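A.B. asks: Grabbed the feature section from TrEMBL, which reads as follows:
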type     : residues : note
TRANSMEM : 12-32    : transmembrane segment
TRANSMEM : 94-116   : transmembrane segment
TRANSMEM : 128-145  : transmembrane segment
TRANSMEM : 157-181  : transmembrane segment
TRANSMEM : 211-233  : transmembrane segment
TRANSMEM : 282-302  : transmembrane segment
TRANSMEM : 332-355  : transmembrane segment
TRANSMEM : 370-392  : transmembrane segment
TRANSMEM : 425-442  : transmembrane segment
TRANSMEM : 454-479  : transmembrane segment
Amino acid sequence: MDESFLRLMGSGFCVLRIFPVLCAASIIQAFVPQLLSSARYFNSSDNNLQYWGLDYPPLTAYHSLLCAYVAEFINPDWIALHTSRGYESDQHKLFMRSTVLIADLMIYVPAVVLYCCYLKETSTKKKIASAFCILLYPGLLLIDYGHFQYNCVSLGFALWAVLGVSHDWDVPGSLAFCLAINYKQMELYHSLPFFCFLLGKCLKKGLKGKGLLLLIKLMATVVATFALCWLPFCTQGEQTLQVLRRLFPVGRGIFEDKVANFWCSLNVLLKIKSRLSSHTQLMLSFALTLLSLLPACVKLTLQPSLRRFRHSLVACALSFFLFSFQVHEKSILLVSLPVCLILNEVPFMSTWFLIVSTFSMLPLLLKDQLALASVVTTLGFSVACVASFLIFENVSEEELQLKAFSMYVRRHVPGFKIPAKMLKTWFAVSMMTMSLLSLGSITMEPPRRLPDLFPVLVCLVSCLHFLFFLIYFNVLILWDHRNGRNQKKVS
């Protein structure tokens, strides 16, 4: 069976959720030794961390171990220690695709469907359209089925957590979010909005009555969940520290590959990675991240509402992506999930962001030979959003939810109005720029003196977009004066 036919087979395999992929060599075998022992986080002759070291929390280890048991039952050669390195076969690739699909169908897809079913003030047609467009989001599809990841698990748990706290099922919601963090540590991007929203709920109920009881329940849930997940890895202090070192690799520097965040873009001009010490980089990124997310968190704590909670998930995750330490290209998925949740509220801006987020991962996708898949899925997603939400008809102040901000500005600048036509023009220029850069990256060889020209341009263009979106979502949060009764929400 040749590679072209294998890719075609992959495109039809997952119905809604799979397309042409060519997975890397065996991932399962990296987690075989020592079963539930934390030895898998240590470098050894049987566990080479440089080859494919485990750098995710315990739930990922348990999930990988489960997959390894199934793989061993089907074909022991797939996970044979040492000899399975570099092993490839059509059956093994099909098995790996299946493990992603099963996780997707069990955790992420039901959460998306249920979330869209409970959208308030939304017609059945729009609910179906929302679910369809969210499931077609190309960024997650390309990374999970092309780059071969299980982001659908952590994002699915996070979405179940959103559903929980939206229904006032705060304890199950907290449990689900703890599972998300214990599957992938990047879910910490969403931790502050969850903390602030739940704390705001407790403060509203009063810390001398029901609020205190809720706070105690939430604390007990968090402590118990983390204790159960980490129990096999906490028998010795050094074991726990080694796991934490793997989860937070500070020694790698402020960034590694070309990632579309502030530091990588700034490094093109100022070379901060070589001029500043690692400690200074860490402190600087911490300070800027904290300052950028503080307004949204303070507002959410003092005035908790579901609409503000969803917007804060976007703003805080985007702040982490832009300014925090050691960010990966695929971390933009942590921002994309909450943007998907407000696709029906602000379809124009949400669609724009989701297209840019996929484009920002272009250098990574090209490494995985997913150029054709990224073009096809992005076009399909764009057409679906335009057809479902008529995004170009929803660019007024009211549709962009900027009326309160516009009225505030008009007090100081009479006649001010959100330039809808200008936004449409910016969108068209943005699409053209991304299309040209994508075409150049795929078809052209960069100059010898500038071998990273196209990845750097992709990062710069994407970063400028993300800074614009960060301002937009913070404006939505800070100038949101509507009470809970008038909001579109999950309830």
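Positions of Cβ are set from backbone N, Cα and C atoms, glycine also.
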A.B. asks: Taking residues 6+ outside the transmembrane segment (425-442), which of them lie with a CB under 8 Å of any CB in it?
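C.D. replies: Here the qualifying positions are 348, 352, 355-356, 359, 362-363, 366, 371, 374-375, 454-455, 457-458, 461, 465.
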A.B. asks: If I count Cβ-Cβ pairs under 8 A between the transmembrane segment (454-479) and each of 128-145, 211-233, 332-355, 370-392, which range comes out on top?
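C.D. replies: Ranking 128-145, 211-233, 332-355, 370-392 by Cβ pairs under 8 Å to the transmembrane segment (454-479) puts 332-355 first.
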A.B. asks: What stretch in 94-116, 157-181, 211-233, 370-392 has the biggest tally of Cβ pairs under 8 Å against the transmembrane segment (128-145)?
C.D. replies: 370-392
A.B. asks: The transmembrane segment (157-181): which same-chain residues, six or more beyond its ends, come within Cβ distance under 8 Å?
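C.D. replies: Here the qualifying positions are 57, 59, 107-108, 111-112, 114-115, 118, 187-188, 190-191, 194, 197-198, 201, 214, 217-218, 221-222, 225-226, 229, 306, 309-310, 313, 337-338, 341, 489-491.
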A.B. asks: Using a Cβ cut-off of under 8 Å, list the residues of the same chain at least 6 residues beyond the transmembrane segment (370-392) that approach it.
C.D. replies: 19-21, 126, 129-130, 132-133, 136-138, 141-142, 146-147, 343-344, 347-348, 351, 354-355, 358-359, 362, 424, 438, 442
